[in-house]
């Protein structure tokens with residue numbers, strides 16, 4: 001048995017012993033952030049064909065992105081709940097990955113802030129574990145750094161083999177940085193919040209300050225100008241669809 | 001009185017518990033290995049605090065380094081392209097062999113003194129030693145395997161589970177631990193015992209051609225191939241036209257900056273007599289062809305290094321003396337150190353005999 005397991009066993013025994021005498025602490029309240037993918041007004045179904053905001057057809061096969069450094073503020077704007085050094089890989093293919101549980105007291109909340117992507121420190125600190133493990137295919141091995149967000153699919157406008165458009169957006173160095181801080185205000189209300197539903201609209205990738213025409217740019221696979229333009233677009237993909 | 005008794009029982013329980021937790025762990029704790037910085041060398045850049053060297057960690061790294069199962073078809077270990085007798089490059093190969101009869105696109109560099117190196121690959125694209133193995137492991141023309149499969153193979157192997165436990169305290173096997181172990185092994189590959197080093201330490205002296213070569217070296221080569229590591233780790237355009245079949249733009253691939261076109265990392269000259277062929281694509285099969293490139297063959301471009309804008313004037317005499325000096329950088333104790341050889345094998349310490357000049 002290793003030391004960690006022993007600690008668990010020992011503290012478990014101790015806790016059990018103490019639980020006979022002490023009062024149970026209240027269960028911490030959990031707020032769930034739930035991400036769901038949409039294309040405009042439609043819920044995203046992988047493999048199904050949609051027409052994007054620029055009129056290109058798209059059938060999305062992969063859609064993943066990192067969510068990190070979540071910060072939640074309460075309605076008064078006084079208490080701030082920080083979740084630093086926690087990284088989540090939200091994957092349209094894996095529903096479990098789309099829910100993020102945060103321990104926050106039952107309170108009315110005002111704002112959700114998070115980083116779409118991975119901070120530069122984690123890009124230069126060797127091999128990471130968990131959601132940041134390079135085996136998730138979100139890491140460039142030949143030019144060290146995380147792919148902050150990935151969108152792949154088929155489009156009749158993509159004049160490349162398989163008609164596949166592939167956007168692997170990454171880059172963490174100053175001018176090439178593709179991590180974006182997202183700030184979302186919750187609708188004002190007085191009820192304590194249990195669940196925050198956040199929509200990620202794929203249309204925003206194509207239509208923002210930059211018009212990403214699949215015919216012109218079917219591929220983005222390295223840090224640089226195009227990746228930054230796409231990042232400036234996807235910064236606007238999130239909105240709060242409902243709060244419970 | 002009864003209260004007092006309860007306290008005693010609790011204290012006793014605590015003490016026994018703590019003793020139980022701490023007890024046999026001391027027995028299983030990996031044994032630390034001290035990393036020695038050779039006298040006169042700069043401090044290493046590798047962060048040993050984040051990955052302290054241990055006997056068990058180094059042994060695991062060595063096992064992984066020489067295990068062909070890390071590749072898709074089982075044929076290619078790290079050691080198949082990084083051979084000890086070639087100072088851990090691919091001996092006598094311009095490019096190395098990879099999965100399914102493929103070739104790599106660059107010359108495998110020798111592996112030594114990696115604790116002093118911040119960026120890896122000829123273009124410096126990899127920013128941490130721990131990340132380096134990911135590239136050859138997953139490249140389709142090298143080991144061609146997925147990290148998921150590598151993890152599955154390691155986890156299925158009882159011996160590896162025991163070795164990971166010995167090195168890291170429990171049987172968890174993940175990418176981070178695998179790569180940290182490989183880093184530990186390759187960090188021990190320190191080459192600091194060549195004749196040059198012995199002369200510097202006052203244990204030997206140069207013969208005349210070596211001394212003359214060293215003097216020329218300090219005048220004409222040392223600003224890029226800086227002592228004691230014999231590289232300044234910079235990226236420079238040395239007037240090598242791109243091979244039309246490889247079309248390798250070098251550093252520009254990483255920075256996207258046209259000013260970095262055809263720039264490659266300055267390689268160390270330690271063990272240079274063993275690391276032929278030379279150049280990022282291994283186009284030079286001998287030292288004399290490298291000298292010939294610098295004095296005649298160079299294609300001077302707008303971003304060719306300022307030190308080489310007029311090529312490098314070298315007389316035949318100078319080339320002869322420089323060659324004598326460069327031979328003093330061969331570290332035979334490094335090339336034959338049995339601790340660096342495949343685990344369990346007897347290192348015969350005999351390198352191939354042909355030496356290209």
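Note: Cβ is positioned from N, Cα and C throughout, glycine not excepted.
Feature list (source: TrEMBL):
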BINDING   B:78, B:81, B:82  heme c 1 binding site
DOMAIN    B:197-330  domain 'Cytochrome c'
BINDING   B:221, B:224, B:225  heme c 2 binding site
Between residue B:78 (heme c 1 binding site) and residue B:224 (heme c 2 binding site): CA-CA distance (Å):
28
With helix taken as DSSP H, G or I, strand as E or B and everything else coil, how many residues of the domain 'Cytochrome c' (B:197-330) land in each class?
53 helix, 8 strand, 73 coil
Can you give me the same-chain residues 6 or more apart in sequence from residue B:225 (heme c 2 binding site) with a CB-CB distance under 8 Å?
B:217, B:231, B:232, B:266, B:268, B:269
Three-state secondary structure of residue B:82 (heme c 1 binding site) from DSSP?
coil
Averaged over the domain 'Cytochrome c' (B:197-330), what pLDDT does the prediction give?
97
Return only the integer: C-alpha distance in Å from residue B:221 (heme c 2 binding site) to residue B:82 (heme c 1 binding site).
26
Who sits close to residue B:78 (heme c 1 binding site): which same-chain residues at least 6 apart have their Cβ under 8 Å from its Cβ?
B:64, B:65, B:66, B:70, B:133, B:136, B:182
B:221, B:224, B:225 excluded, remaining Cβ within 8 Å of their centroid (heme c 2):
B:217, B:220, B:222, B:223, B:226, B:230, B:231, B:232, B:266, B:269
Taking only same-chain residues 6+ apart in sequence, whose CB is under 8 Å from that of residue B:82 (heme c 1 binding site), what do you get?
B:65, B:88, B:89, B:90, B:108, B:110, B:111
Neighbours of the heme c 1 site B:78, B:81, B:82: Cβ within 8 Å of the Cβ centroid, same chain, sequence order.
B:65, B:77, B:79, B:80, B:83, B:88, B:90, B:96, B:108, B:111, B:136
